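Features of the protein shown, as given by Swiss-Prot:
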type	residues	note
BINDING	S22, P23, S24, G25, A26, G27, K28, T29	ATP binding site
DOMAIN	15-194	domain 'Guanylate kinase-like'
Amino acid sequence: MKDGSGGFNGVERRGLMFVLSSPSGAGKTTLSRMLVDEAPGLTMSVSATTRPRRPGEVDGRDYYFVDRPKFDAMVEADEFLEWAHVFDNCYGTPRAPVEAALAAGRDVLFDIDWQGTQQLRSRASNDVVSVFILPPSVQDLEHRLHTRAQDSDEVIRGRMKKAGDEMSHFDAYDYIVVNDNIGVAFESVKAILRAEQLKRERQIGIEAFVRDMRRQLEK
């Protein structure tokens, strides 16, 4: 059972950065939302971006919407854990709130691409757990992009072209999940998160926890 301090059963634990990446349309955003809704204490990393706000998006909840000069200033001040250019726009993860969450034993979920994942690893490799989501087929990926009706045909063609490059980096990830059924894929991702949370090296309070029990047994 998880307690309010970010540990399990009273054992202090360091948080982790849980990364989901995929080609556009493979399901990482849907899986991210499902995971945040169900996993206790997991928070979604909020990125800064220069792209225009889409209908229904809220500044500070979905993204921090900033202009290019502001974004460049944040890069110059080393305020990002990772940042990248994606489809003529910029995205970056503010450093301070993530570092505070990990220190408090809370996990942070990242919906980022392979470039961002590599930057996270270069800065904090022991804290990063990465999962790459694949579609079951190219045809299914294209169908999903058309069905969500967010982009023009020209943009969709660009995303399909980009997908091949993104998939080529699958071997840089810790885990691979093929999303041919969203429910099954979600259970797989959730199981990965749970197992990583319980790794001995992340339970930084386990030595004291065991020592205390041994002391009681020796009385």
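The backbone N, Cα and C atoms fix where each Cβ goes, glycine too.
Residue environment of A26 (ATP binding site) contains 27 other Cβ atoms, counted within 10 Å of its Cβ in all protein chains. Report note: the ATP site is defined by S22, P23, S24, G25, A26, G27, K28, T29, and the residues of the same chain whose CB lies within 8 Å of the CB centroid of those residues, excluding them, are I133, P135, L141, R144, N179. Taking Cβ-Cβ distances under 8 Å and a sequence gap of 6 or more within the same chain, the neighbours of K28 (ATP binding site) are L20, S21, S22, D111, I133. In sequence order, L134, P135, L141, R159, K162, A163, E166, M167 are the residues of the chain that are 6 or more apart from P23 (ATP binding site) and have a CB within less than 8 Å of its CB.
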